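Accompanying notes for the structure given below.
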Amino acid sequence: LVALALSQTAYSQITNGTTGNPIICLGHHAVENGTSVKTLTDNHVEVVSAKELVETKHTDELCPSPLKLVDGQDCDLINGALGSPGCDRLQDTTWDVFIERPTAVDTCYPFDVPDYQSLRSILASSGSLEFIAEQFTWNGVKVDGSSSACLRGGRNSFFSRLNWLTKATNGNYGPINVTKENTGSYVRLYLWGVHHPSSDNEQTDLYKVATGRVTVSTRSDQISIVPNIGSRPRVRNQSGRISIYWTLVNPGDSIIFNSIGNLIAPRGHYKISKSTKSTVLKSDKRIGSCTSPCLTDKGSIQSDKPFQNVSRIAIGNCPKYVKQGSLMLATGMRNIPGKQAKGLFGAIAGFIENGWQGLIDGWYGFRHQNAEGTGTAADLKSTQAAIDQINGKLNRLIEKTNEKYHQIEKEFEQVEGRIQDLEKYVEDTKIDLWSYNAELLVALENQHTIDVTDSEMNKLFERVRRQLRENAEDQGNGCFEIFHQCDNNCIESIRNGTYDHNIYRDEAINNRIKINPVTLTMGYKDIILWISFSMSCFVFVALILGFVLWACQNGNIRCQICI
């Protein structure tokens, strides 16, 4: 047992570096609790630091800057364009985003728009309700018809941008044949309509003819509508309806109105600009006094992250919508928390075994022990090399994904339900595809980050090993035992790459000669261990046998052998 203890003590002195030689260890930064990220091969890799790429927070209001907002309040965009009562304040307004409220209501004669979404999109993208009034000559009819369903100031009225034509005082109606040429330099939008009476009597009372017809033509298009006469559920005490149509007239083209009854005529046109990127947003959020480049139906997003999980409907300079609530991009190396009571300084060994939680001013660094004491220093060069690669990658990732993203809501009439289903399928597929691509892209970047940081650690280790050469011995755990006196200046030269092994070569060789014989003879340790173990077992067995014989002689144990 004494021999075993002596051999173990001698071996511990050699392996723990208590020979008095200087030791320098290479290490990397670590934290007590790292962040888990996904890579191509592992769903949970702990790293020192990571950046969240998905924005999940938003303000509960719409910011009117830098995007100019127009609040429709009780009026939607179509009613504003038609000039419904209560919507007059919207005339000639301009916007980047027109805010439609879910509480908006129709306030005039009940109407429908067969191509509602297209008209809404054209008006929204034009960015204004700039109306140009025109003089029309409607011969043989009575103009400025009104309805009790369309009260303005307590009196019967009508859509301010439309002219309801009925039979003249002599009882006749037209016929109408009016032409307007677009002599301007912009596209004109004409709104017009067809009245569908609730009965044959109403038809003849208003238009004399039993069956009316409206035809509107341009060089490239023509539409002809015959009214559908019949009773419908009453809306604002009216069972008749008006269908609203629209026509775009390019510069140099003309629009022709032909009718023998039931025409709801225009009073002018809207100036359409194709150079703007304005839009419409339906939301119940109030307009605040904040600033945000990104609006959603749920509020504003103020973030520099490349992705968001707030809403599919996003307008402005917005992060892309993804289905994932979190995508963590590694911005630091693999985290290996430090082990306790082991290695240099009684606590920490080199990078192969664990990281250093105390290395706060760099990712990679050195710790040493010599005659002057102990010390720690970061290696800024390798740290900066890794940071540059990671930051460059982060900037490229944000640049790729944080482009202007514009997704507006889609609306369809019930008769277009199949189109709505198809549109929803396409949008869902696009989101699924982009969400998958985003997750794959982040996993690729995380894999590369970890590989880069591991590579920089290995580069630093190889640089030190090539400097020291035969003047030191690799202990296999990220540390080197130096076989010559190495003060703090010497340690610093190893760290900064100016170490000259030739200066210390002779001293290191002499010290190796003194140490190696002792080290080589330590091979007897295994022999002593086995001999000690065998002798201990022999003594233990002999003691047991002696006790049994003594007990048998005193009658305490009786042995019977049966054959």
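Just so it is clear, glycine is given a Cβ too, placed from its N, Cα and C backbone atoms.
Remember, it's a predicted structure, so these values are computed and weren't measured experimentally.
Going by Swiss-Prot, these are the annotated features:
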TOPO_DOM  1-526  topological domain 'Extracellular'
CARBOHYD  Asn16  N-linked glycosylation site
CARBOHYD  Asn33  N-linked glycosylation site
DISULFID  Cys63-Cys290  disulfide bond
DISULFID  Cys75-Cys87  disulfide bond
DISULFID  Cys108-Cys150  disulfide bond
CARBOHYD  Asn177  N-linked glycosylation site
CARBOHYD  Asn237  N-linked glycosylation site
DISULFID  Cys294-Cys318  disulfide bond
CARBOHYD  Asn309  N-linked glycosylation site
DISULFID  Cys486-Cys490  disulfide bond
CARBOHYD  Asn496  N-linked glycosylation site
TRANSMEM  527-547  transmembrane segment
TOPO_DOM  548-563  topological domain 'Cytoplasmic'
LIPID     Cys552  S-palmitoyl cysteine
LIPID     Cys559  S-palmitoyl cysteine
LIPID     Cys562  S-palmitoyl cysteine
What average pLDDT is reported by the model for the topological domain 'Cytoplasmic' (548-563)?
68
Sort the recorded positions Cys63, Asn177, Cys318 by C-alpha distance from Cys150 (disulfide bond) and give me just the closest.
Asn177
If H, G and I count as helix, E and B as strand, and all else as coil, what does DSSP give for Cys294 (disulfide bond)?
strand
Number of Cβ atoms other than its own within 10 Å, given for Cys486 (disulfide bond):
27
What is the nearest of the recorded positions Asn177, Asn309, Cys486, Asn496 to Cys552 (S-palmitoyl cysteine), using the Cα of each?
Cys486
Distance [Cα-Cα, Å, rounded] between Cys290 (disulfide bond) and Cys318 (disulfide bond):
16
Note down the number of other Cβ atoms within 10 Å of the Cβ of Asn309 (N-linked glycosylation site), including every protein chain shown.
19
Could you measure between Asn309 (N-linked glycosylation site) and Cys318 (disulfide bond) for me? Cα positions, answer in whole angstrom.
11
In whole Å, how far is Asn237 (N-linked glycosylation site) from Asn177 (N-linked glycosylation site) when you measure between their Cα atoms?
33
What is the interatomic distance between the Cα atoms of Cys490 (disulfide bond) and Cys87 (disulfide bond), given in whole Å?
84
